[in-house]
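A short write-up of the structure that comes next.
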Amino acid sequence: MKKTQTWIVTCIYLQLLLFNPLVKTKGLCRNRVTDDVKDVTKLVANLPKDYKIALKYVPGMDVLPSHCWISVMVEQLSVSLTDLLDKFSNISEGLSNYSIIDKLVKIVDDLVECVEGHSSENVKKSSKSPEPRLFTPEEFFRIFNRSIDAFKDLEMVASKTSECVVSSTLSPEKDSRVSVTKPFMLPPVAASSLRNDSSSSNRKATNPIEDSSIQWAVMALPACFSLVIGFAFGAFYWKKKQPNLTRTVENIQINEEDNEISMLQEKEREFQEV
């Protein structure tokens, strides 16, 4: 009985071990983004429109897949936001500029950590080095918004086959996402994350069901595999132990019958002697 319990516990731990990839799959970078990003609207309104923020920008990030530039951009955003934080005093007000920027720095630092731990086949480097440039608050936080939004597509299988090559005809001045004339658009209620510009939103709106199906399939396969393996081991063990259990029961019954016969014979001899 003790061996049976030990084997059952072993099977349970084996299923948990095989089920572990499902838990890891759900640990997406998007979970690092908190609702603190909704304070960006207030921060942009508080900063002067002609204020310049230094940032090393990846050329062509508007045409390249997100996995080509996201690792570089989050690092550069972390540096720029940290420098911006140093320029403000630590005011105790809950929604002061310092407090908002400090929360954004923590979010970006978490994303940097997530990218560093990401598989190299999903995150690649752009062929061009980032260029130091100056951006207005609207332009800077538009890039911030797109970088935050890019983590939603980081797990896409299609991105693995995309090349990180920028056309030689592309110039930074033609980048629509950093154009001064482009309005700074944010949703009225920024709850979970900030949307990027209309082209990225339209692109994602065409396949949300397909993306969700792929993610659920990736998560379900390890779970199904672990359950099948666990049941297979359990069935094999039960089939192997069943004959032994049957023989054990038969032996116990035979021993009991032999004991009863011996007792009857003993009583019969005692009766004859009397």
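Placement of Cβ uses the backbone N, Cα and C atoms for every residue, glycine included.
Annotated signal peptide per Swiss-Prot: 1-25, in sequence order, evidence recorded as sequence analysis. The feature disulfide bond is assigned by Swiss-Prot to Cys29-Cys114, Cys68-Cys164, with similarity to another entry given as support. The feature N-linked glycosylation site is assigned by Swiss-Prot to Asn90, Asn97, Asn145, Asn196, with sequence analysis given as support. Taken from Swiss-Prot, the feature transmembrane segment applies to 216-238, supported by sequence analysis. Residues or ranges marked as topological domain 'Cytoplasmic' by Swiss-Prot on the basis of sequence analysis: 239-274.
A map of Swiss-Prot features onto the structure.
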residue	record	Cβ within 10 Å
Cys68	disulfide bond	26
Asn97	N-linked glycosylation site	19
Cys114	disulfide bond	20
Asn145	N-linked glycosylation site	23
Separation of alpha carbons, Asn145 (N-linked glycosylation site) and Cys68 (disulfide bond) (Å): 17
Asn97 (N-linked glycosylation site) to Cys114 (disulfide bond) - Cα separation in whole Å: 26
Inter-residue Cα distance where the pair is Cys114 (disulfide bond) and Asn145 (N-linked glycosylation site), in Å: 17
Segment-level pLDDT (mean, integer) for the topological domain 'Cytoplasmic' (239-274): 77
